[in-house]
Every structure is written in C-alpha cells, then in structure tokens.
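In what follows, a single structure is set out as structure tokens and then discussed.
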Amino acid sequence: MFSSKGWGAKKALEFLGLTFLSLLFVISFQSKALINIFFLLSFVTSIIYIAFFNKAFFREKKYVWLFIGPYISGFILGFFSENGVIGSIEFLQQFRFMIIILPLACFVKSKKEMIFLLIMVYASAFIAIFYGIYKNQPYGGFHGFHSIGRTADMLVVLLLASLAYIIQSRFTFNLRSNIGKLILLGTALTLAWAVLMTEMRGAWLGVFIGVCFIIIGLFFLKQRWLAFSLLLLIMLSSVTFLKTYDNIDTIKNQIASIADTQNDISNKTRLNLWKTGWDFSKEQFIFGTGAKQASALYKNFYDKQDDSYKAKYHYVIHHMGDYHNSYLQIHVETGIIFFIIYITSMAVCLLYFIKRIQKIPFEDRKYPLAALVSSLAFLSIQFFHSELYSYGSTTFYLILFAALYILNENDKVPSLQKGLKDEK
C-alpha cells in the first residue's frame, strides 16, 4: 500500500487515487466541501486511469454496473423531466455519491487497502465524537460537525458494521487478534453512545432493525451460539445502561413517541409531507420534476390547493419540498422509472450478498454480513431522513463496496469457483 516501487504514470495514478479516497473518508464526518473536492479528484483520476491503463475494468469489476447503470439511466431520464436539460445536469450532481463505487473499485487493489479505508472512516467518526464532547454538545444536540440527522445515520452504519465484524471474527488465543476485537468492541460501544446522544428516533429504530437482522443472519449462517451470545450481550449492556444513564426518562418518552401519530408534531408533519408529496408527484409521475427542482414546483402546487386542503395539511409550510423521506424525494424529483431502477439495483446487490455469504471463507463473511445489516438499517432510516443520495451515504457505499470487493476477490479463487460449480 502506497508503495513507490516501479513508479510510472500508472503507479502515480493509483497512488493519487487511493490518497484522494483516504482523504475523502478521513474527513467524511467533518466537511461537505472537502468531501466534494476529494470525491471529484478521485473520480476524475479513476476515469483517466480506466481510459489509459485498465480498459478491461468494467469486465473485471462487473458489480460497478449496479451503481453506474442507474446513474446513467437517471441522467438520460432527466432530459424528460419537468426541468429538461437542467434537470438532467442537476441529477449528475445530486446523485453523484452513487458512483463513489467507481474510484473505490478502481484503486483498492488489496484487502489491506480496503481495511485502511475502513479505518479512515472510523477515525473520522471518532474525531466527530471527540469534537462533540469537547464542545459539550448536549443530549439531543450531539452532532459533531454535520447536521444531526446526517451524523446519526452515518454512525448507525458504522455501529452495525462494527458489530458484524466483531461477531463474525474467529475467537482465538492470539493476543494481537483479541486486542483487535477489544478495540472493535470499544468502538461499537462508543458509537452506540454517540447514536443515543443524537436523540434521533429514526437512527435508534435503524439500530434496532440492524441488530435484528444480525441475529437473523447468524441463524441463517447456522451460528446459533453467536446469535444467543449477541442477545445476551445486548441485554446485559441495556440493563447496565438503564441503571446508570441520566436521560433514561427522556429516552423512554422518545421511544414511545415513534409510533405516536396523534400528538407528536414531528410525526404529524412527516405524514402531512408524505401525503402532499405523493399528491404532488402525480403531476409528473413518470419522469419527475428534475433534480433539485421540487421545492419551487411543490410550493406552486400547494398554493393552488383549496383552503380545506391547506388546513388539513398545514404542517408542511415549514418544509416546502423537503419530505423527510429519501424514497419520496427521489420519486418526486426523478420519477417512477428511475425510482424502480434504483431500488431494483439495491435489491439485487443485497440478494447477491445473501446468495454468496455462505460460499466464501468464514473470515471473509463479516464483510457481506456487515453490508447486509448496515444497508438494511440505513435504507430503513431513509423512510424518515434524506441521506440516501447525500453526504451521509458515503459511509453506506464504502461498507457496500467492502463486501463487493471481498466477494469479487473470492470469485477469482479457482478452488472456490470449482466448489460453486460442483454445488450446481
């Protein structure tokens, strides 16, 4: 990794690409501006690298089409949106993080480099957490550098990935290995505390969903003792926490309010936004309004409604065009065709993990399991948040890539390929 042996244009581009990616992920919890800069640099470098030094890239890394395909489709469909050419161009910018997989697949040449990028994003999370502690950010206002919802969503992805990495690692008497597991456990506990401190109910729900899928996954992998061990660990941690945490009454009230659609203003506002957003989407159902054009058009739509409609859905006036739901936002802005293409690509990716996870070595299973549970949690949270296509998705795509990389590398092992053929 970062070796200078045999330097030439190809090696220089590989070094630059991996450096840009490392910088992108080490500041992913800190700065939107730097994320944009390093994403652009890594993407441009990958295009140059593929064009001059790896023309077989798209044949060797076929999984990138799960993300590039929808991205190209969205760009083309954007021409038919309400905003025409501008909508198509805006789509490229709005949904750019979908193709972060391209530079990742291009420049990550080894498992060691992949793990290094994972370490970078975890380091970024810890910098944000320590910053929040240093600034005395309170319970309910603990967000590090980004907005609180974005930070919470990113933390959830890393928390669940940590749990999967821990519980799918072999337990040995090797001191170095066990120290690594203890560090991961400490990381998971710190991330869990940080998620709790955000007071984001959607993030809490995501953690619950993710943990449930970890347990289901362990039963699927016929590792029942691990599933029961995780349940025991969660129960012991919960009991200890409930006995010691100061804000426990507030937390209980917040959990109880998740399903309260009668008295909770936040929930009522979301329901208003979802209903009016769905009504609005019917005006440009197939191709959408065009990326970043929904707010102005939605306001015009709402202003044209009669007084009874406005009175019934009056909570939307402070969130015009922001539906607090990634799926509705995508549908409104890009239309039903792109929405189906994108959701299908995500489903195919997750089904691929499920299909292949039992057919790879035990020590590699942690990566697809982490991708599965963190993805299902993150995708669930996006019913309440809008990070599926925004900065918060960077960690999500990195965890996805880690699994895709491992599975792709295992496909190259002759003995594994023979085993798969024999099973057929």
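Backbone N, Cα and C atoms are what each Cβ position is placed from, and that goes for glycine too.
Annotated transmembrane segment per TrEMBL: 12-29, 35-52, 64-85, 91-108, 115-134, 146-167, 179-196, 202-220, 225-242, 335-354, 366-384, 390-408, in sequence order. Here TrEMBL flags 188-343 as domain 'O-antigen ligase-related'.
Relative to the transmembrane segment (12-29), the listed stretch 35-52 leads the set 35-52, 91-108, 146-167, 202-220, 366-384 in CB pairs under 8 A.
Scored by C-beta pairs under 8 angstroms, the transmembrane segment (91-108) has its highest count with 35-52, from the stretches 35-52, 115-134, 179-196, 335-354. Take the transmembrane segment (366-384) and the stretches 35-52, 115-134, 146-167, 335-354: counting Cβ pairs under 8 Å, 146-167 has the most.
Beyond its flanks by at least six residues, the transmembrane segment (335-354) meets 63, 66-67, 69-70, 73-74, 77, 80-81, 220, 284-288, 327, 368, 371-372, 375-376, 379, 400, 403-404, 407 of its own chain at Cβ-Cβ distances under 8 Å.
The stretch from 64-85, 115-134, 146-167, 202-220, 390-408 with the most CB pairs below 8 A to the transmembrane segment (179-196) is 146-167. As a whole-number mean, the pLDDT of the domain 'O-antigen ligase-related' (188-343) in this prediction is 83.
Sequence-remote contacts of a segment are chain residues at least 6 beyond its ends whose Cβ falls under 8 Å from one of its Cβ atoms, and for the transmembrane segment (115-134) they are 1, 21-22, 25-30, 104, 108, 142-146, 151, 154-155, 158, 162, 187, 190-191, 194, 197, 394-395, 398, 402. Remote same-chain residues near the transmembrane segment (390-408) are listed as 24-25, 28, 32, 35, 61, 63, 67, 97-98, 100-101, 104-105, 108, 111, 114, 117-118, 121, 146, 149-151, 153-154, 157-158, 161, 349, 352-353, 356, 360, 364, 367-368, 370-372, 374-375, 378 (criterion: CB distance under 8 Å, separation of at least six residues from the stretch ends).
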